[in-house]
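Asks: From TrEMBL, for reference:
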- 30-47: transmembrane segment (TRANSMEM)
- 53-70: transmembrane segment (TRANSMEM)
- 82-104: transmembrane segment (TRANSMEM)
- 166-185: transmembrane segment (TRANSMEM)
- 218-251: transmembrane segment (TRANSMEM)
- 283-301: transmembrane segment (TRANSMEM)
- 321-343: transmembrane segment (TRANSMEM)
- 364-392: region 'Disordered' (REGION)
Amino acid sequence: MRWPWQRRRELPPVPQVTEAVERRWMLPRTLIVLLSVIAVFAVLILLSQVASFLAPVFLGFNLVIAVMPLQQWLLRVGAPRMVAALASLLTVYAFLLALLWSIYWSVQSLVTELPGYSARFNAMYRDVLAWLETLGVSQDEALEQLQSAFSPSAIAGAVGALASDAGSALAFVATLFVVVFFLAWDSVQLPERMQRIAVTNPGMVRGIDRFAAGVQRYWVVTTLFGLIVSALDLIALMLLGVPLALVWAVFAFVTNYIPNVGFVLGVIPPTLMALLANGPINALATAILFSVINFVMQSLVQPKVAGDAVGVTPATSFLSLLVWAFALGPIGALLALPSTLAVKTLLIDPDPRLAWASKLMSSKLDAPPGGRLGRAVAPGVRPRAEGSPQAR
């Protein structure tokens, strides 16, 4: 159906010579697709080169957008702009500090607890060697492989990599805190800036609004359901008697931000701890209970309650995880869906030529222009224009 504002104006016929010239200079479709794929890969490689700077900036941008409803509410009730900016800044800082402290406490608790299971680990180690012998692998071969894996050079390399990762993590956190500080103070003037931009580029403002709304829904919904899932996991682990239940609940909350595969990452450590402390039956029960809780909450309950927080298909979500983890590193797994949402709302949706890509990525098909519900059309029948006599 074509709406009145969508009708194309009748243009004068174009001379045949111009069409011939256009056909002569038109690139083959295969070449266009190939060049597009090369351009996408070039952009991703470029992003991977600046990931150490871009990732904390984009994460800080996401967090500031997520707390903007609080800032806007304070402004509506008459709070000064500086107070509203300070409140949003402190909210983001409190969330980050609580998350960092919980991770530090979890690692410290794990390091303190693990030495108590050395005897059990040695017994399991001997059982594994005996099992390998039944498969034809001698103890000497197994020990040789272990010694090569834990040789001084290998350990030194692992320690060096760990120190490098720790330095990168500290630089990331420092950059993130600085970025959040400046963005929070600038955000109080964002509505006025958007109004000025809307005068000359209203389409861009609409895209930014959709991106901001999607980011807010994503972080709020993911955080709330992460808390619910981690609480249920904590109860399940306590009932099963798995040590360090609170540590694994915190780990499950953090991995909940990773789409699709976060649940798999969250179930492995408590299962291994249950195997080490309570045996294989308890480990199997832990894995099954974790799987049931996370599947029901994340695949059945969350979509119905949240109503599609981001609005992309599951396949798009999984592919986003792969693409942005390649481009931005491990932090790209956390920013996969917001990054895809930014590309979709700011680059794909405004371009009519990419409407097909938007429909492929969206979890729900858009209504016809104007927000009206589409009329059912019989197969093979083209919809009539609303202004035609037959439509009337």
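Glycine is treated like the rest: Cβ placed from N, Cα and C.
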Asks: Under 8 Å, at least three CB pairs between the transmembrane segment (53-70) and the transmembrane segment (283-301) (pairs 6 or more apart)?
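Replies: Contact absent: fewer than 3 Cβ pairs fall under 8 Å.
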Asks: Return the stretch with the most CB pairs under 8 A relative to the transmembrane segment (283-301), choosing among 30-47, 82-104, 166-185, 218-251.
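Replies: Going through each listed stretch, the top one turns out to be 218-251.
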Asks: Using Cβ atoms and a strict cutoff of less than 8 Å, what residues sit near the transmembrane segment (218-251) while being 6 or more residues removed from its termini?
Replies: 62-63, 66, 102-103, 105-106, 109-110, 113, 257, 266, 269-270, 273-274, 277-278, 282, 285-286, 289-290, 293-294, 297-298, 301-302, 305-306, 309-310, 337-338, 341
